[in-house]
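Feature list (source: TrEMBL):
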type	residues	note
DOMAIN	2-375	domain 'Amino acid transporter transmembrane'
TRANSMEM	20-43	transmembrane segment
TRANSMEM	76-95	transmembrane segment
TRANSMEM	115-132	transmembrane segment
TRANSMEM	144-166	transmembrane segment
TRANSMEM	178-198	transmembrane segment
TRANSMEM	210-232	transmembrane segment
TRANSMEM	252-272	transmembrane segment
TRANSMEM	293-312	transmembrane segment
TRANSMEM	318-339	transmembrane segment
TRANSMEM	359-379	transmembrane segment
């Protein structure tokens with residue numbers, strides 16, 4: 001899920017300068033923190049002072065927070081928010097796949113939308129995915145391809161070290177460009193939607209916090225190295241997707257790797273979205289389908305929905321930015337901090353309360369800024 005955003009990090013540095021490097025580190029720390037407090041909301045202390053997992057999903061946490069107002073209100077809000085973000089992500093992968101195929105085979109007289117349909121055909125087996133185990137194996141392959149892409153770009157950049165200059169970094173910033181950089185950097189770390197399921201499926205859930213610390217630490221190191229070497233190589237010529245800066249022979253290779261990554265990334269958000277919807281419809285378990293036909297219908301409908309929206313939604317990138325500013329910020333910053341304050345208020349120290357409130361305010365400001373920029377872009381397009 002993070003690959004597309006990672007490829008935009010050098011461009012983010014172009015608009016944020018030295019502050020972008022600080023933002024990469026800060027975003028890693030904040031997203032790691034909100035992941036921990038979200039998982040903390042799954043647990044309550046028993047009479048012996050032991051932590052017992054009393055909730056299983058993001059939905060359960062939301063319902064627990066809103067039970068006095070309405071037993072299911074919180075869960076409905078969270079589920080709708082999750083499904084919108086996940087479906088938007090699936091659609092983005094289809095559009096990106098069409099774009100990459102179009103650029104990889106420019107001599108073939110086929111439109112990007114037609115290429116997206118071809119990519120869609122390869123995703124049809126997704127309707128038969130019934131367990132997270134299959135998705136995890138595809139995600140492992142996706143991670144491998146991701147590292148190949150990063151390695152190719154960094155290796156090429158290292159061959160251009162003689163051109164590097166720290167003078168390429170900007171000291172003065174334009175506010176709107178800076179906000180774009182903030183969005184790209186922050187959302188390259190988001191994974192909160194998947195964390196409750198991930199923690200619940202770990203052989204040793206007690207190692208979750210350690211796992212989160214190390215993964216965010218290494219992600220921060222990798223992203224900083226990648227963004228820095230790429231920006232120092234191309235400077236002001238850095239493009240929105242850094243692979244467009246590569247020589248043609250490398251660009252084609254990396255584009256095909258990106259296509260593979262996009263197709264391998266699709267099943268995870270697709271599976272998560274269909275599991276949420278099926279669970280709401282059947283009121284059954286997330287892990288076992290009581291009605292195979294209903295499950296197949298839900299997955300098939302969602303698969304077709306992502307194709308139709310990819311084909312016929314105008315200015316999808318701007319709409320993605322608008323929905324992402326709402327759903328992404330909500331799921332990553334606003335809701336985890338709000339739920340943590342609600343469920344753990346009496347047990348939190350003063351500093352922990354201040355940390356949660358600060359994260360909530362920061363998330364709200366990021367969301368508001370993103371909404372304003374996206375609406376402005378839509379108005380300019382339709383105007």
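Even glycines carry a Cβ here, placed using N, Cα and C.
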Under 8 Å, at least three CB pairs between the transmembrane segment (210-232) and the transmembrane segment (20-43) (pairs 6 or more apart)?
-> yes
Would you confirm whether the transmembrane segment (115-132) and the transmembrane segment (252-272) meet the contact rule of 3 or more C-beta pairs below 8 angstroms, pairs 6 or more apart in sequence?
-> yes
Hey, which of 76-95, 144-166, 178-198, 252-272, 359-379 has the most Cβ-Cβ pairs under 8 Å against the transmembrane segment (20-43)?
-> 178-198
Per the Cβ filter (under 8 Å) with a sequence gap of at least 6 from its ends, the transmembrane segment (293-312) is approached by 87, 90-91, 94-95, 98, 113, 116-117, 120, 123-124, 126-130, 270, 273-274, 277-278, 281-282
